[in-house]
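K.L.:
Dumping the structure here so I can ask a few things about it.
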Amino acid sequence: MRIVFIGPPGAGKGTQSLRVAKDLGVTHLSTGEVLRESRERGAVIGKRAAVYLDAGKLVPDEIVIELVAYRLAESDCKSGYLFDGFPRTLAQAKSLDALLAQQDAPLHAAIEFVIPEEELLERLSKRGREDDTKERIRERLRQHSEITVPMTEYYEELGILYRIDAVGTPDEVFARIGEALAGIDQS
Ligand code: AMP
């Protein structure tokens, strides 16, 4: 199964994507996590991304696409994967499709987490991650609604977009994702 998870910060993508990837037995990849780790290690990609991570802005497409192309070529992605937080722009979505077309292995599903902004602000204020200051949170939400939400139309047109109500307990949300994925043609 080849799946992408789309959603604003605080929607529960991280928790759910780990759980769903484990359940399906596919590789989990969070671009945000890879970028943070690569920055901590002092790697070139991390250094290039640092200024954007600090500002709560999207890292430029070419950096993220390079990272994903490299990861997709690794053997653990052959039997399926779940991308958490990628793609986030239309350019990323189109680049991913081009990469997957070369492998004749298109996406099965794009899962969008839908959640009201007040609920997100409440959750994020409790999370306390390093990039969760008020200003950065506001910027990340703005980038999500202005750049990432319009991208979902692309997947809607392709007929592979599934919108999930992300309000509820982790078990409830997990069950909703399971229901959506159960109806998917994996051929
Ligand atoms: P996340 O852990 O998914 O919330 O991502 C944390 C931060 O990493 C984001 O605020 C962006 O700065 C950066 N990032 C992660 N994934 C992407 C992506 N697909 N495109 C651009 N920036 C990204």
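The backbone N, Cα and C atoms fix where each Cβ goes, and this holds for glycine too.
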K.L.:
Looking at TrEMBL, which one out of Arg71, Arg88, Arg127 binds ATP in the same site as Gly10, Ala11, Gly12, Lys13, Gly14, Thr15, Gly168?
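P.N.:
That ATP site, as TrEMBL gives it, pairs Gly10, Ala11, Gly12, Lys13, Gly14, Thr15, Gly168 with Arg127.
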K.L.:
Given that TrEMBL assigns Thr31, Arg36, Lys57, Leu58, Val59, Gly85, Phe86, Pro87, Arg88, Gln92, Arg129 to the AMP site, pick the one from Arg123, Arg138, Arg140 that the record assigns to that site as well.
P.N.:
Arg140
K.L.:
At the Cα level, what's the spacing in Å between Gly12 (ATP binding site) and Val59 (AMP binding site), rounded?
P.N.:
21
K.L.:
How far is it from Thr15 (ATP binding site) to Thr31 (AMP binding site), counting Cα to Cα, in Å?
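P.N.:
Cα-Cα, rounded: 14 Å.
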K.L.:
Going along the chain, which residues at least six beyond the ends of the region 'NMP' (30-59) come within the CB cut-off of under 8 Å?
P.N.:
14, 17, 66-68, 71, 83-86, 88-89, 131, 135-140, 143, 147
K.L.:
Just checking a number: largest C-alpha distance across Gly10, Ala11, Gly12, Lys13, Gly14, Thr15, Arg127, Gly168 for the ATP site, rounded to a whole Å.
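P.N.:
The two farthest binding residues have Cα atoms 17 Å apart.
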